[in-house]
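Chemist: Copying in the features that TrEMBL gives for the protein in this structure:
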DOMAIN    27-71  domain 'Homeobox'
DNA_BIND  29-72  DNA-binding region
DOMAIN    74-275  domain 'TLC'
TRANSMEM  83-103  transmembrane segment
TRANSMEM  123-142  transmembrane segment
TRANSMEM  149-168  transmembrane segment
TRANSMEM  207-226  transmembrane segment
TRANSMEM  246-267  transmembrane segment
Amino acid sequence: RFIAKPCAINLGIQDSGPHRAQPNAILEKVFTSITKSPDGKRLEGLSKQLDWDVRKIQRWFRHRRNQDKPTTLTKFCESMWRFTFYLSIFFYGIRFLWTAPWFWDTRQCWYNYPFQPLTSRLYYYYILELAFYWSLMFSQFTDIKRKDFLIMFVHHLATIGLITFSYVNNMVRVGTLVLCLHDASDFLLEAAKLANYAKYQRLCDAFFMLFGVVFIVTRLGIYPFWILNTTLFESWELIGPYPSWWLFNGLLITLQILHIIWSYLIIRTAYKALVRGKV
């Protein structure tokens, strides 16, 4: 409200929505109670009832559907908030982990487990991330409805489950590695969205391509060969299997499945962009 909105207005993004549909009680009732995209038979019936041309009714429904879509300004403000958080928490995580021994040697995650101290910096890093993902879980129902609503819902559930579970079981060392790795690409996607809303197409394309490279390297390269390697094999070797080991790794593998799905979508988008000339 006080930062993102003025920035958007300075970039020429107006708070104006799409063309509003002409008020009509009968069509509004059909739209809200029956269907938002009437078929040919219903269109003909409405045409006779209102003495309107079928094309005019189709246009009304199209305008009415667009009327409910969020404005570019709203989407810009939401993306700017997420960009700010992801960028801040990523640099906080890197700064914190740079001096942590388990960042350079993942076997340190399991030495003397579970009797590992929880420092205040580690605690705040964990609680901030958990609070943010809880906020995403709830705000997903009120924020802009995206096409990947269901897959994001599963992602938030798995993430909250992992953060909570690892905190309760004092697996926070490996947890910080997972969190930092995921934050590495998220702010780049939000930066690409911001550039897109501001109509800086080349900047948008550059950020998206950079995001795609970082995402695939971190989620399909570093994550399985660094994170899953230590949680599946090094932990088994150093502390042995335990009941919650299966749940912990099950959630981590669920995340990896989501990474594969998203990587496919990113590659498909990048391919389309190369063919069409823009993202």
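Glycine too: its Cβ is placed from the backbone N, Cα and C atoms.
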Chemist: Give me the DSSP three-state residue breakdown of the DNA-binding region (29-72), ordered helix, strand, coil.
Modeler: 31 helix, 0 strand, 13 coil
Chemist: Using Cβ atoms and a strict cutoff of less than 8 Å, what residues sit near the transmembrane segment (149-168) while being 6 or more residues removed from its termini?
Modeler: 126, 129-130, 133-134, 136-137, 140, 174-175, 178-179, 182, 244, 247-248, 251-252, 254-255, 258, 261-262
Chemist: Between the transmembrane segment (246-267) and the transmembrane segment (207-226), are there three or more CB pairs that fall under 8 A, provided the residues in each pair are separated by 6 or more in sequence?
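Modeler: The transmembrane segment (246-267) and the transmembrane segment (207-226): touching, yes.
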